[in-house]
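**Student:** Right, I'll just put the structure down here and ask away after.
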Amino acid sequence: MAQSNMPHKSDVLSQDELRKKLYQTFKDRGVLDTLQTQLRNQLIHELMHPVLSGEVKPPSISVEGSALLIGASNSLVADHLQRCGYEYSLSVFFPESGLAKEKIFTMQDLLQLIRINPSSSLYKSLISGFDKENKKGFLMSFLKELAEYYQAKESCDAETQTSTTFPSQVSLAEKFQLIDAQFADGFPHRSKLESLETKLNEYKKEVQHQLQVEMCHKLKYFREAEITKVKMEERRKYEKELAEFQNEFERTCQAKNEALISQEKNSLERIKKHREMESKEIYAQRQLLLNDIALLRGREAELKERIETFELTQKLQEEKIKSEAEALERREQNLKNIEDTYDQKLKTELLKYQLELKDDYITRTNKLLEEERKNKEKTIHLQEELTVINSKKEELSKSVKHMKEVELELESVKAQFLAISKQNHLLNEKVREMSDYSQLKEEKVELQAQNKLLKLQLEETRNENLRLLDRITQPPPELVIFQKELQKTEKAMELEHKDFETHRQALEKQLQSEIENSAQLRTQIAEYDASVKRLTVQVAELKSQLKQTQIALENEVYRNPKHSLIHSLSGLLLSGKMAPHSEDKSGDFLNVPLEQNKVIAGAVMSRVPPYVNTATEASSPESDFEFIASSTKAKVRELEQEAERLEKAFRTYYQRATQNPSTSPQPAKSPPSVNSVAALRSIASSSMDRPVSAEDRVVSEQPLGDMLKEEMSDMSKAFMGSVVSRPRRTSSSTRLSSTPHPKSRRSLDNEMYLEGLGRLHMTSSSPLLDRVSASPAASPSPCPERTAQASPVPSRHSFSGLPEQNACLYQRQTETQDKSELSNVDKQSLKDEKFEPPFRWNKTEQFEAEGLHPAGDMPGIDFAVATQSSRLISYDYPSAVQSQTGEQDEQELWELHMKERRQREEQRHNERQEALERERRELGKLEQERRMIEESLKMEMEEELEKSVQDQKDKSAHCENTLEKYMKIIQQRQEESNADKSSKKSGKECSLVDMMMPSDKDESSPGFSHEEPDDMW
């Protein structure tokens, strides 16, 4: 390119050689492309503005048409140059035409401009050819299509002088020729001295170059044509293969569909069979479920009442929890407001500090400029100041670290403040519950001390912040860094707060799950209570049936009395089988009351005939009445025979007792009396195999000395006052209780033997005592108040004989007892705790020594009273029985009915109290669980706070503050106090549970008390 400026030097190198050498050097150095672009730009500028050369520039070709057509033609040319690989001309064309690569028109746009119909064959062939042959440009394909179109139409019938060439205004070749001519005019003409050889060589090269270009174009055209043919053939082959593949695929799909349809039919049949089986099973299960539902509906009706009460308690607890949550939210809002005020204060202080720093920085910069202008000698001084500034920077970094530590301490103080606020809230609630003013004052003093310490620490932190702000002497960029660090710390605090909230939510979920578990437990307890109530109802029905049978039996026996039964009973006690040996007669038989009581119990129980299926037969009282009447009439003869022996034995026994009054045991002092009472108790309790009730335990575990003294004195006075006019009629009831077995039924088991003994004693003692005090001519009982005070509780039991000692005493006492029992029920449960341990110890020692076990089913005075009353009745006044009238029998029956009604009312009252106490226990358990959960939450919160404080301590190199130590001491004290309170509460609740467990067992005990008296007959 630059060889035209160089003079011809035949001595050194020719033009061609120099051109080749320059080309090679530029190419090796990698400067060829840049040099070509520079030369192109220069050429274009010189052609456009040939100012330096004095020649006139050729006139520019005016292009007619719109800008859109010009852009379309330019895009056609650019596309053609790009497709053909004419990079040089393309690089020249883009800047000359003002066209950008992004603004080139697409083929669809060009066809739309030319207004070729999209449905025409030309449009379709151009688009298909462009898609297939991306190497060719739009211009080449368009010209090819036009040539083929016009070649097909060259043969015409009429000869016309028309050319098939496409007319155009100016071709590209003409433009290039004009450019070459202008370029040639710009350069100086070659010298005429050039040889013809050089010209010929140049022409040859040009011709060869043109031939090569033409050959290349022809080869490209030939290749493209062959490639299109091959592509068409391959496309046809692929279409055939695709059609075959589609057919095969459709066949396989049809076969698969048929197989699937058959499988579906089989599966549907199986499913139908399975559904039929399931429907049958479901129907059977449905019937079972309907039966269960019918049972459960009955339970639901009972459970609704308990659920309502539970919902009321739950609502109260929810209201308490809501109030606590509102208080916590208010405190959180207060804390947020305090934090906002602190943040605003910090921001204002930082702004003030920034302004001060800016002012200081401006003044210092001015001073430094003045000092630099004045003297160059102060450079050394400035260097020293730089060292000082560096040291200050280090101090600043240290202060920043210290600030971070202080902020961490602030966070810990805030967390501690939150914990302290929660503790204050809990302490306030405890103070409301306990109303301990001394503890309140102490806690207030402690909290005030804590607040003072917190305020002091906050003031110290503020002072430290102010000191650090005074120390900082750095330009604003460092302040920006410091603000970023503050923002990071605030974000970290927010993340920690979020973690704390998530943990709190998890703990609340645990609380809800535990509450649900407690609700399930309550439902189970309610079901258990319902089953217990059903059993109690059944037991009450059985009791009523048994009482009816007893009343019928007594009425039948009263109609057919036998007068000599009381004498037969007294004679039987000292007859051949029951009397002690000669060894015992020599040494006072009454001094061994335990053995005496054992012998009496064995004698009486050997004659107790059992009746089978009393519980089942009690459902029909008329049939029972007929059966018992027939059996009693048949056995009266046997009773008359044994009555004579009993009378003889009783008379001899009473004579020996009156002859030896000094050796008779006193129940207040002598331990054998206690042993005799314990013997009968152990027999009755072991025979019935049931737990001892709490009220019986109260009676049996009172101090026996005072009780036995009072009752024996009262009974002796009552007997002495009523001896004169005592009726003889009372022997009928003793005959009822002491009717013997026939000989065929005397070989019974030990269990029936002992059960009959217990029932015999209670039924025989109560009518005797009733007859002792029921005579109308007898003087009024001298000490009814003392007897009522000595035994207020046993009147509520079916086994107690003291309330049935006399009718007049009972009528006077019941009015006072019914009033006092309602208030004494809670007191008696507390007396159990007082009297139980010492008396149990004494009983176990005595009974283990004699091989017996304690039982609280009978009061200890029954046996002594029964023996004394039977003694007095049978010995002194044997003729008073015949003067008894039928009216007194009816009155006694009415009194028995009244007693039974009162006992039922008392039992109902006891059951209600037991239900209330159970509910109290359940509430106590729920409160205990809630407190345990709150304590666990407190412990977890405290552990988290301690962990955070320990982490902060590990990060900071400082020692523990006095405030933290003080807080730890307070927390330890609170934990110890909480542990002590929880242990006390758990101990109280355990004692209450121990107290109330016998009351739960009492529900089953009355069932035995009224079911088994029929065994006497």
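For all residues, glycine too, the Cβ spot is worked out from N, Cα and C.
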**Student:** Which residue from Ser586, Ser747, Ser800 is recorded in Swiss-Prot as phosphoserine?
**Tutor:** Ser747
**Student:** Given the ranges 319-376, 609-666, which one is assigned the annotation region 'Mediates homooligomerization' in Swiss-Prot?
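**Tutor:** Per Swiss-Prot, the stretch marked region 'Mediates homooligomerization' is 609-666.
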**Student:** Out of Ser766, Ser781, Ser791, report back the residue that Swiss-Prot marks as phosphoserine.
**Tutor:** Ser791
**Student:** Can you count helix, strand and coil residues in the domain 'LisH' (69-101) using DSSP?
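**Tutor:** Summed by class, the stretch gives 28 helix, 0 strand, 5 coil.
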